[in-house]
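Record features (Swiss-Prot):
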BINDING   19-28, 110, 137-138, 214, 252, 365  substrate binding site
ACT_SITE  174  active site
ACT_SITE  250  active site
ACT_SITE  371  active site, nucleophile
């Protein structure tokens, strides 16, 4: 049976703004308070989805969250009508209003961790929504994330959904941004690779000093248990604390994997040789041949990697066995990074082609091509069981483009978030979107 790796990209929400909410994310912090363009952001994301579909990849779409999150503000003590809640928050606690309006759910690499059926004990695809407890504005996402994923992957014969881990620092979980999977074929058993920044309970593990480590070893282990993974199909690796302090807040900012290949920076991990040996050995027992592509610090510094988002790229398998790297425009703008990529594709290795996309609106908030997608490996039967409304087609692309043009503003500043009209605009748009994507009622305003 044929299997696919399907990329489900996050649709950028109507409140996309530069709130500077993510400490440890250099781009997010440095572009704080600038005027954003939600319409352009959403269209840039849709163009990437359509381009991958046109290249022959199966492409899906993941709906944004309801924002402003009035329920979250009510939980923090604001009351009255929805408009009054927003006005009170704007007057007395503007940072809370900004957080409740964040469109960060577009970065669906943080939505969940996904294990395909070939790896799990019960032969189903498993999803665990990420608690994202390190940042308040993201910690409020997982209830809606779970409902949206449940509406997309509803058939319990094929799909299993787990609630987010306990919302405490010891189980900080950032989802697929710290997880990848190596395999010979998407439909065969593989090795799941969990990357953590610190241990919550074992002080022998080093930790970053400047920025927080958002993923714990204990969270990764819990997800592996929930998904019914075997020990011989799992590798845990610690990210280098020094690169976290340099702005590498998720592993997908310093490494990307696909198939049998890990593309990573020389400084990405601790105990790199041991980690590579374990990956090689475990994948070898499953009939695969693990290969690594290391980018030397002498050619690309960590600073250049963070600035260009070289590793926050999509590594995709072509039908001929070669690989394609999808990178943001910022890679072409960085002379050292672009020179490295030109040499990489000319070397005759597995990565034969680089395609560049303009994702400036997302990039300025600290999210590149890899942040915008959640990978789900599915066999033909499972793909047929996915809600067809969320699979990208040419007609769906046209419909969503028209939907964005109709509902989204082309400029948004922090002061605009206090406008009660924005709430009505967003709810009207999302109500229409759930009909387009055939999701049913998934948003709080539709349920309560």
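Each residue, glycine too, has its Cβ placed from N, Cα and C.
Just so you know, of the recorded positions 138, 250, the Cβ with the fewest other Cβ atoms around it within 10 Å is the one at 138. Ranking the active-site residues 174, 371 by how many other Cβ atoms lie within 10 angstroms of each Cβ puts 371 at the bottom. In the three-state DSSP assignment, the secondary structure recorded for residue 174 (active site) is coil.
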